[in-house]
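A.B. asks: My questions all concern the structure below.
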(Lines of atoms letter the chains of each structure in order from A and count residues from 1; the text may use other names and numbers.)
(Lines give C-alpha, C1' and ligand atoms only; values in the text may rest on other atoms or scores of the structure.)
Protein backbone atom coordinates (compact mmCIF):
# COMPACT_ATOMS: atom_id res chain seq x y z
CA UNK A 1 0.00 0.00 0.00
CA UNK A 2 1.17 3.49 -0.71
CA UNK A 3 -0.11 6.96 0.04
CA UNK A 4 -1.91 9.28 -2.34
CA UNK A 5 -0.61 12.83 -2.18
CA UNK A 6 -2.51 15.59 -3.95
CA UNK A 7 -0.76 18.49 -5.67
CA UNK A 8 -2.91 21.53 -6.43
CA UNK A 9 -2.54 23.33 -9.73
CA UNK A 10 -3.61 26.99 -9.65
CA UNK A 11 -3.45 29.23 -12.70
CA UNK A 12 0.15 30.41 -12.46
CA UNK A 13 1.50 27.42 -10.54
CA UNK A 14 5.00 26.55 -11.78
CA UNK A 15 6.27 23.68 -9.68
CA UNK A 16 3.26 21.37 -9.60
CA UNK A 17 4.86 18.89 -12.04
CA UNK A 18 8.21 18.87 -10.20
CA UNK A 19 6.33 18.25 -6.98
CA UNK A 20 4.40 15.33 -8.46
CA UNK A 21 7.69 13.93 -9.74
CA UNK A 22 9.28 14.25 -6.29
CA UNK A 23 6.32 12.38 -4.78
CA UNK A 24 6.76 9.58 -7.30
CA UNK A 25 10.50 9.36 -6.56
CA UNK A 26 9.71 9.05 -2.86
CA UNK A 27 7.47 6.07 -3.63
CA UNK A 28 4.06 7.65 -3.16
CA UNK A 29 1.31 8.24 -5.69
CA UNK A 30 0.85 11.84 -6.86
CA UNK A 31 -2.70 13.01 -7.56
CA UNK A 32 -3.31 16.17 -9.60
CA UNK A 33 -5.86 18.51 -8.01
CA UNK A 34 -7.42 21.46 -9.82
CA UNK A 35 -8.04 24.88 -8.27
CA UNK A 36 -11.66 25.03 -9.47
CA UNK A 37 -12.50 21.63 -8.09
CA UNK A 38 -13.54 21.24 -4.47
CA UNK A 39 -13.01 17.50 -4.72
CA UNK A 40 -9.75 16.44 -3.06
CA UNK A 41 -10.16 12.92 -4.53
CA UNK A 42 -9.73 11.36 -1.10
CA UNK A 43 -5.98 12.06 -0.99
CA UNK A 44 -4.04 11.41 2.21
CA UNK A 45 -2.10 14.69 2.08
CA UNK A 46 -1.91 17.85 -0.05
CA UNK A 47 0.98 19.94 -1.38
CA UNK A 48 0.45 23.54 -2.49
CA UNK A 49 3.29 24.13 -4.96
CA UNK A 50 5.37 27.15 -5.90
CA UNK A 51 4.61 29.65 -8.62
CA UNK A 52 2.61 32.84 -8.95
CA UNK A 53 -0.95 31.68 -8.48
CA UNK A 54 -3.54 34.02 -10.00
CA UNK A 55 -0.57 36.26 -10.82
CA UNK A 56 -0.18 37.09 -7.12
CA UNK A 57 -1.92 40.31 -8.16
CA UNK A 58 -3.39 41.47 -4.87
CA UNK A 59 -0.82 39.92 -2.52
CA UNK A 60 1.02 36.66 -2.99
CA UNK A 61 -1.49 33.89 -2.37
CA UNK A 62 -4.37 36.23 -1.57
CA UNK A 63 -6.64 35.30 -4.48
CA UNK A 64 -5.80 31.58 -4.49
CA UNK A 65 -6.81 31.39 -0.88
CA UNK A 66 -10.44 31.87 -1.97
CA UNK A 67 -10.37 29.25 -4.76
CA UNK A 68 -12.82 26.33 -4.54
CA UNK A 69 -10.10 23.77 -3.84
CA UNK A 70 -8.82 25.83 -0.90
CA UNK A 71 -12.25 25.68 0.74
CA UNK A 72 -11.76 21.93 1.04
CA UNK A 73 -8.05 22.17 1.91
CA UNK A 74 -8.70 24.66 4.72
CA UNK A 75 -11.52 22.56 6.18
CA UNK A 76 -9.58 19.32 6.05
CA UNK A 77 -6.29 20.84 7.24
CA UNK A 78 -8.09 21.97 10.38
CA UNK A 79 -9.27 18.38 10.80
CA UNK A 80 -5.70 17.06 10.57
CA UNK A 81 -5.01 16.50 6.84
CA UNK A 82 -1.25 16.93 6.27
CA UNK A 83 -0.63 19.99 4.07
CA UNK A 84 2.72 21.27 2.81
CA UNK A 85 3.01 24.73 1.24
CA UNK A 86 6.16 25.45 -0.74
CA UNK A 87 7.01 29.06 -1.62
CA UNK A 88 3.76 30.35 -3.16
CA UNK A 89 2.05 27.51 -1.28
CA UNK A 90 3.47 28.91 1.98
CA UNK A 91 2.08 32.32 1.01
CA UNK A 92 -1.34 30.75 0.37
CA UNK A 93 -1.23 29.08 3.81
CA UNK A 94 -0.51 32.37 5.60
CA UNK A 95 -3.21 34.15 3.61
CA UNK A 96 -5.62 31.35 4.56
CA UNK A 97 -4.55 31.81 8.21
CA UNK A 98 -3.64 28.14 8.47
CA UNK A 99 -0.20 29.44 9.46
CA UNK A 100 0.45 32.62 11.45
CA UNK A 101 2.24 35.71 10.13
CA UNK A 102 2.49 36.92 6.57
CA UNK A 103 4.79 37.13 3.57
CA UNK A 104 6.09 40.35 2.05
CA UNK A 105 8.52 41.39 -0.69
CA UNK A 106 12.21 40.57 -0.14
CA UNK A 107 13.81 43.37 1.86
CA UNK A 108 16.30 44.05 -0.97
CA UNK A 109 13.41 44.31 -3.50
CA UNK A 110 15.00 41.84 -5.96
CA UNK A 111 13.98 38.39 -7.07
CA UNK A 112 16.39 35.87 -5.57
CA UNK A 113 17.50 32.45 -6.82
CA UNK A 114 20.23 30.58 -4.93
CA UNK A 115 21.17 27.34 -3.25
CA UNK A 116 20.26 27.97 0.34
CA UNK A 117 21.57 26.39 3.50
CA UNK A 118 18.94 25.64 6.13
CA UNK A 119 18.84 24.09 9.57
CA UNK A 120 16.05 21.69 10.43
CA UNK A 121 14.71 23.06 13.71
CA UNK A 122 11.81 20.66 14.11
CA UNK A 123 12.05 17.08 12.87
CA UNK A 124 8.75 16.21 14.50
CA UNK A 125 6.24 17.47 11.94
CA UNK A 126 4.35 15.30 9.44
CA UNK A 127 6.72 16.50 6.72
CA UNK A 128 10.12 16.45 8.46
CA UNK A 129 10.29 13.11 10.31
CA UNK A 130 13.05 11.76 8.06
CA UNK A 131 15.40 14.61 8.98
CA UNK A 132 17.52 14.73 12.11
CA UNK A 133 16.87 17.54 14.53
CA UNK A 134 19.47 20.22 13.80
CA UNK A 135 20.43 18.73 10.42
CA UNK A 136 21.84 21.20 7.90
CA UNK A 137 20.54 20.89 4.35
CA UNK A 138 20.96 22.68 1.01
CA UNK A 139 17.94 23.26 -1.19
CA UNK A 140 17.14 25.87 -3.86
CA UNK A 141 15.41 29.11 -2.96
CA UNK A 142 13.74 31.30 -5.58
CA UNK A 143 11.26 33.98 -4.68
CA UNK A 144 10.14 37.59 -4.85
CA UNK A 145 7.96 37.71 -1.74
CA UNK A 146 9.90 35.64 0.75
CA UNK A 147 10.12 37.94 3.75
CA UNK A 148 8.37 36.24 6.65
CA UNK A 149 6.91 38.71 9.14
CA UNK A 150 4.83 38.39 12.28
CA UNK A 151 4.42 40.43 15.44
CA UNK A 152 6.83 39.85 18.33
CA UNK A 153 4.23 37.96 20.35
CA UNK A 154 3.64 35.50 17.51
CA UNK A 155 7.38 35.07 16.87
CA UNK A 156 8.04 34.38 20.56
CA UNK A 157 5.17 31.90 20.63
CA UNK A 158 6.45 30.09 17.52
CA UNK A 159 9.93 29.82 19.05
CA UNK A 160 8.66 28.70 22.45
CA UNK A 161 6.44 26.01 20.92
CA UNK A 162 9.15 24.73 18.56
CA UNK A 163 7.10 25.73 15.54
CA UNK A 164 9.98 27.26 13.61
CA UNK A 165 10.70 24.27 11.37
CA UNK A 166 13.53 25.67 9.20
CA UNK A 167 15.90 28.56 9.66
CA UNK A 168 18.16 30.20 7.07
CA UNK A 169 21.87 29.65 7.73
CA UNK A 170 24.83 31.78 6.61
CA UNK A 171 22.68 34.29 4.70
CA UNK A 172 19.24 35.65 5.41
CA UNK A 173 18.15 35.89 1.77
CA UNK A 174 15.01 37.99 2.09
CA UNK A 175 14.86 39.77 5.44
CA UNK A 176 12.66 37.16 7.12
CA UNK A 177 12.34 37.90 10.82
CA UNK A 178 14.51 35.68 13.04
CA UNK A 179 15.86 33.96 9.88
CA UNK A 180 12.66 31.95 9.64
CA UNK A 181 12.43 29.85 6.47
CA UNK A 182 9.53 27.61 7.47
CA UNK A 183 6.96 27.12 10.22
CA UNK A 184 4.24 24.70 11.29
CA UNK A 185 0.81 24.96 12.89
CA UNK A 186 0.08 23.87 16.43
CA UNK A 187 -0.84 20.33 15.42
CA UNK A 188 2.23 19.87 13.20
CA UNK A 189 0.22 18.70 10.17
CA UNK A 190 0.52 21.98 8.23
CA UNK A 191 4.01 23.10 7.22
CA UNK A 192 5.02 26.01 5.01
CA UNK A 193 8.47 27.00 3.80
CA UNK A 194 9.96 29.32 1.23
CA UNK A 195 12.75 27.14 -0.27
CA UNK A 196 11.97 24.33 -2.71
CA UNK A 197 12.59 20.74 -1.56
CA UNK A 198 10.97 19.37 -4.74
CA UNK A 199 13.90 20.77 -6.76
CA UNK A 200 16.46 18.81 -4.72
CA UNK A 201 15.38 15.19 -5.08
CA UNK A 202 17.81 13.87 -7.69
CA UNK A 203 21.63 14.14 -7.71
CA UNK A 204 21.69 15.16 -11.37
CA UNK A 205 19.92 18.51 -10.96
CA UNK A 206 19.53 21.34 -8.52
CA UNK A 207 22.07 21.44 -5.72
CA UNK A 208 23.48 18.07 -6.75
CA UNK A 209 22.15 16.66 -3.50
CA UNK A 210 18.88 15.06 -2.58
CA UNK A 211 18.30 17.07 0.57
CA UNK A 212 14.68 17.76 -0.37
CA UNK A 213 13.61 14.16 -0.74
CA UNK A 214 13.04 13.52 3.00
CA UNK A 215 9.99 15.83 2.89
CA UNK A 216 8.25 13.34 0.67
CA UNK A 217 9.58 10.17 2.30
CA UNK A 218 8.63 11.62 5.73
CA UNK A 219 4.99 12.06 4.80
CA UNK A 220 4.87 8.69 3.06
CA UNK A 221 6.17 6.90 6.18
CA UNK A 222 3.81 8.80 8.40
CA UNK A 223 0.80 7.92 6.23
CA UNK A 224 1.71 4.29 5.64
CA UNK A 225 2.47 3.66 9.31
CA UNK A 226 -0.66 5.49 10.46
CA UNK B 1 -23.38 55.97 -7.89
CA UNK B 2 -20.81 56.61 -5.25
CA UNK B 3 -17.18 55.78 -4.92
CA UNK B 4 -15.87 54.06 -1.84
CA UNK B 5 -12.13 54.23 -1.28
CA UNK B 6 -10.25 51.58 0.66
CA UNK B 7 -6.71 52.56 1.63
CA UNK B 8 -4.40 49.78 2.71
CA UNK B 9 -1.08 50.38 4.48
CA UNK B 10 1.50 48.07 5.97
CA UNK B 11 1.29 48.14 9.75
CA UNK B 12 3.61 50.83 11.12
CA UNK B 13 6.00 48.36 12.75
CA UNK B 14 6.63 46.47 9.50
CA UNK B 15 9.63 47.42 7.38
CA UNK B 16 8.63 49.00 4.04
CA UNK B 17 11.67 48.78 1.71
CA UNK B 18 9.69 50.23 -1.21
CA UNK B 19 8.87 53.34 0.76
CA UNK B 20 12.50 53.56 1.89
CA UNK B 21 13.71 53.38 -1.72
CA UNK B 22 11.38 56.24 -2.62
CA UNK B 23 12.51 58.25 0.38
CA UNK B 24 16.19 57.78 -0.50
CA UNK B 25 15.57 59.14 -4.01
CA UNK B 26 14.05 62.39 -2.76
CA UNK B 27 17.22 64.40 -2.02
CA UNK B 28 18.50 63.61 -5.51
CA UNK B 29 15.31 65.16 -6.90
CA UNK B 30 15.77 68.27 -4.80
CA UNK B 31 13.13 67.40 -2.20
CA UNK B 32 14.42 67.90 1.31
CA UNK B 33 12.77 67.76 4.68
CA UNK B 34 10.93 64.47 4.13
CA UNK B 35 12.12 62.05 6.79
CA UNK B 36 10.08 58.97 5.93
CA UNK B 37 7.94 57.55 3.11
CA UNK B 38 5.62 54.58 3.35
CA UNK B 39 3.91 53.19 0.29
CA UNK B 40 0.43 51.70 0.34
CA UNK B 41 -2.45 50.63 -1.88
CA UNK B 42 -5.64 52.45 -2.76
CA UNK B 43 -8.73 50.65 -4.03
CA UNK B 44 -11.55 52.68 -5.64
CA UNK B 45 -14.82 50.79 -5.58
CA UNK B 46 -17.64 52.11 -7.77
CA UNK B 47 -20.75 51.08 -5.90
CA UNK B 48 -24.09 50.53 -7.62
CA UNK B 49 -27.05 51.73 -5.59
CA UNK B 50 -27.05 53.58 -2.31
CA UNK B 51 -24.02 53.50 -0.03
CA UNK B 52 -25.97 52.95 3.14
CA UNK B 53 -24.82 51.41 6.38
CA UNK B 54 -25.44 47.89 5.12
CA UNK B 55 -23.41 48.49 1.95
CA UNK B 56 -20.57 50.01 3.96
CA UNK B 57 -20.60 47.09 6.36
CA UNK B 58 -20.24 44.70 3.41
CA UNK B 59 -17.36 46.71 2.00
CA UNK B 60 -15.72 46.73 5.42
CA UNK B 61 -15.94 42.92 5.47
CA UNK B 62 -14.50 42.77 1.97
CA UNK B 63 -11.59 44.99 2.95
CA UNK B 64 -10.93 43.02 6.11
CA UNK B 65 -11.07 39.57 4.52
CA UNK B 66 -9.61 40.22 1.09
CA UNK B 67 -8.31 43.68 0.12
CA UNK B 68 -6.14 43.83 3.22
CA UNK B 69 -4.38 41.08 5.14
CA UNK B 70 -4.92 42.36 8.65
CA UNK B 71 -2.02 40.26 9.94
CA UNK B 72 0.35 42.66 8.19
CA UNK B 73 -1.80 45.57 7.00
CA UNK B 74 -4.22 48.22 8.29
CA UNK B 75 -7.03 49.68 6.20
CA UNK B 76 -9.51 52.55 6.14
CA UNK B 77 -12.82 52.82 4.28
CA UNK B 78 -14.24 56.16 3.20
CA UNK B 79 -17.05 57.28 0.90
CA UNK B 80 -16.29 59.73 -1.88
CA UNK B 81 -19.17 61.28 -3.83
CA UNK B 82 -18.67 61.07 -7.57
CA UNK B 83 -18.25 64.55 -9.10
CA UNK B 84 -21.49 65.82 -10.59
CA UNK B 85 -23.64 63.24 -8.83
CA UNK B 86 -25.21 65.90 -6.61
CA UNK B 87 -26.37 68.11 -9.51
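Going from the start of the chain as shown, residues are counted 1 onward.
Even glycines carry a Cβ here, placed using N, Cα and C.
So TrEMBL lists these for the protein:
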| type | residues | note |
| --- | --- | --- |
| ACT_SITE | A:87 | active site, nucleophile |
| ACT_SITE | A:196 | active site |
| ACT_SITE | A:198 | active site |
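Could you place these features in context, so I can see how deep they sit and what lies close by?
C.D. replies: Around residue A:87 (active site, nucleophile), the same-chain residues at least 6 positions away in sequence with a Cβ under 8 Å from its Cβ are A:15, A:49, A:50, A:51, A:142, A:143, A:146, A:193, A:194, A:195, A:196.
In the three-state DSSP scheme, residue A:196 (active site) is classed as coil. Residue A:196 (active site) has a Cβ environment of 23 other Cβ atoms inside 10 Å.
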